[in-house]
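Data first, discussion second: the structure below is written as structure tokens.
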């Protein structure tokens with residue numbers, strides 16, 4: 001069972017600010033989903049390796065050559081706030 | 001027949017014979033949009049000027065007597081999670097409401113290079129999270145067959161647009177069925193190629209190890225042409241397979257004699273609508289009649305695919321969606337006190353409910369103390385599901401079943417029940433977990449709503465899928481059915 | 001009073017000297033307009049994907065082998081998830097359970113003893129961007145973000161908690177830096193941040209098995225800061241324990257000006273990095289032959305070079321150790337030897353005048369205006385008798401200031417040694433006449449008295465007289 005405190009903690013980790021109603025709703029919905037996920041515990045996976053990638057691809061590399069970059073203005077132009085060529089953010093602490 | 005109702009390959013013949021111009025095709029499609037968009041609402045952004053310029057370019061080449069590519073001048077719609085330089089790419093989210101990417105997705109660039117004509121960006125469930133397109137921050141999209149019903153999702157706009165003649169072909173993305181299920185609900189052809197077959201560069205990720213771009217078309221021939229354009233290795237995507245793909249049109253052969261088809265009994269278990277089952281059984285009969293050898297088989301871990309999928313997909317999503325924080329792009333609240341406040345409120349206001357729910361679930365399943373029980377367990381179960389497929393596909397050339405357990409459901413019907421909503425994808429999810437190619441094609445109607453037949457193939461064997469699908473299509477009339485609007 | 005034992009473990013981040021970033025083809029050039037060395041990939045824009053720079057793997061393997069590590073045949077990348085505005089994706093691509101190298105060691109010399117410091121593992125990862133504040137992070141009204149450094153390739157080297165004193169800690173990082181510099185994979189410039197270390201310190205009563213609670217100290221950008229901070233922190237923790245307090249596990253920062261460590265956060269949030277395999281990157285699988293090839297092509301490392309200096313050049317252990325401490329110093333030394341094969345004399349210059357002046361000016365050998373060839377020439381001038389050893393020191397100082405050739409300085413200032421007996425004889429006569437007391441002493445058998453007379457002659461000739469000639473003449477005349 002996931003508690004409202006768990007939901008609070010997870011929301012903090014995920015940087016989400018939830019209203020009381022949302023907390024209620026998410027607690028309820030997450031419990032439903034996690035309950036369904038319990039079925040997985042029935043499966044014997046003792047000697048089964050995990051599959052993070054379905055394809056057996058390995059060693060994909062790029063040569064160490066400087067490429068053409070985009071105009072930095074293009075990236076700065078879509079910033080919510082900038083100062084000269086910096087991205088501007090509220091104070092950290 | 002009106003131009004907008006035709007297939008791409010038919011329009012190509014007409015273009016080459018100068019029976020029609022690219023400009024006329026584009027005009028017909030935009031007129032159709034004007035006529036039915038109120039009812040269907042497939043699009044988030046229309047790009048008429050771009051389309052007209054691209055069409056004019058094709059006409060210029062035709063006038064100069066140049067040969068054109070098979071899909072040149074064909075109007076295409078893109079799911080709005082595919083990045084298009086200079087054209088906003090919203091993911092149907094407030095978070096990216098006015099995000100204009102400074103780069104173009106590789107698959108889209110290939111369409112540009114093949115001279116298709118960009119109609120616009122289609123509606124989806126926010127960040128591709130959903131099975132009904134109801135989770136869009138912009139508006140609902142309605143099923144062209146019945147306005148009270150959903151078009152499926154998350155590529156609902158792309159499927160509805162093709163079904164309603166608002167585009168000739170389109171691209172969607174498929175993480176757990178998001179191309180095949182809406183194609184099924186809208187009575188069109190949808191395909192998820194093998195993982196690694198199409199570059200993911202520029203497709204805004206939901207779950208990177210499951211996401212794949214694929215086409216939605218009116219028939220299998222158009223599908224083969226679309227695959228020819230978008231498949232292939234991309235050095236910008238490390239998970240892109242470095243393989244030479246065949247000319248997929250070579251597989252447009254009306255012959256499945258001796259083809260071995262397995263029908264996993266789990267795909268026709270309870271929970272699948274009985275009338276949908278009937279359409280599938282008819283399809284099996286048809287396949288048998290055409291010379292295929294069809295047999296029941298078993299995929300014992302099918303039931304575990306849904307929970308495994310939800311743990312894995314949301315875990316990856318929780319990390320993929322962490323970058324939406326208001327720092328260098330996307331939505332930012334106006335009056336943040338400090339950085340943590342900005343992060344929290346920008347994300348809480350920028351994301352919709354389903355997205356937040358999935359971020360919460362994914363964060364939880366990766367967090368200390370739960371990783372082994374949830375995330376790692378799910379990765380191991382994924383291995384077992386993949387083994388089910390490996391074993392079955394050693395015996396059979398392909399597997400067959402329904403795309404979705406039911407036909408399109410009513411708008412609002414499942415929105416408050418995530419589990420029931422997730423169950424819409426039980427036949428499609430296992431395929432993503434195994435990374436295999438699968439196609440959904442129309443196989444008849446139930447109560448005037450389309451049913452989709454799903455064929456699942458071996459990795460990088462899209463050819464066999466196309467050949468079986470083409471043969472089925474050539475010997476049935478289902479794909480000719482169009483909704484009345 | 002309880003006796004305490006110090007336990008130190010160190011995490012060192014080293015920026016690799018590749019041309020491009022770890023996952024995109026942006027330049028790694030230092031400096032540049034803010035955010036001008038970026039692209040959609042290292043800005044973490046949606047839909048962009050990382051592709052691993054091959055050189056990063058090669059460099060990491062080289063460093064791993066030089067640190068006596070086992071290089072992993074199979075390694076993979078993971079995402080380390082945490083929110084911070086210098087991290088564009090809010091996760092850092094790093095390696096968690098299957099790093100590129102593990103189980104290595106470095107040998108350091110502390111108080112004449114060789115000690116082996118274990119390396120737990122070494123992994124590859126991407127660097128974060130930089131935050132710019134007005135004033136400091138606590139008082140600034142807003143911050144500015146520059147992602148030029150974001151995505152620069154790093155290796156992180158995590159030691160075992162094997163060090164027992166601030167001196168050992170310093171010796172370890174100095175040695176590590178030397179080894180990595182020798183491999184050529186990084187400049188390891190602490191001032192520019194291409195080598196950064198975080199030090200974990202705890203204390204425990206002597207004899208206690210389990211480790212004490214540790215504090216992690218960040219922001220150490222010189223060896224001096226590292227040693228001082230460690231020493232301060234040891235004292236602080238002991239005094240906390242002695243006054244009945246408890247050491248809190250926390251991150252502290254070194255305040256160079258005040259000479260103290262300061263707690264960084266009051267409301268320390270429980271860290272939960274939620275590592276998981278990065279689905280956008282594929283595993284790195286290295287074959288043994290390739291690893292062997294890299295191993296065989298490793299350049300000479302500090303310990304090997306030190307032994308060679310002792311054997312080949314006949315230098316004392318001490319000289320050899322100091323000269324090989326940094327690659328720059330050692331390369332400089334060898335270049336001089338190439339010009340003029342007098343290792344011991346040159347070593348004396350390097351360890352004496354050179355390090356004295358470098359210390360005074362607060363620079364290092366790379367910024368030194370004297371070119372190796374010039375130092376070789378200076379020593380030649382002495383050996384040829386053109387200048388005296390004493391004058392040479394003056395010339396050296398001038399070279400250090402101006403970078404001029406020694407011959408030019410000698411000529412400009414008229415410092416050529418006078419060895420002409422006729423010219424020196426008259427001064428010798430003058431000094432004998434002026435110092436009857438010393439003459440008397442010498443004649444009475446006090447041999448030392450001649451030293452004073454030599455000094456007087458040298459003084460009168462402004463140091464230019466050849467002391468050997470002066471000595472000889474004095475003895476002849478006083479016979």
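Yeah, the Cβs are placed from backbone N, Cα and C, and that goes for glycine too.
Note on the domain 'Amidase' (B:24-466): mean pLDDT across this stretch is 97. Under the heading domain 'Amidase', TrEMBL lists B:24-466.
Feature annotation from TrEMBL assigns active site, charge relay system to B:79 (among others). According to its DSSP assignment, residue B:79 (active site, charge relay system) is in a strand. Non-local contacts of residue B:79 (active site, charge relay system) by the CB criterion (under 8 A, 6+ apart in sequence, same chain) comprise B:121, B:122, B:124, B:128, B:154, B:155, B:157, B:158, B:170, B:171, B:172, B:173.
If you look up TrEMBL, you'll see B:154 (among others) marked as active site, charge relay system. The secondary structure of residue B:154 (active site, charge relay system), as reduced to three states from DSSP, is coil rather than helix or strand. When other Cβ atoms within 10 Å of the Cβ of residue B:154 (active site, charge relay system) are tallied across all protein chains shown, the result is 36.
According to TrEMBL, the active site, acyl-ester intermediate annotation covers B:178. Packing around residue B:178 (active site, acyl-ester intermediate) is summarised by its Cβ count: 37 other Cβ atoms lie within 10 angstroms of its Cβ, all protein chains included.
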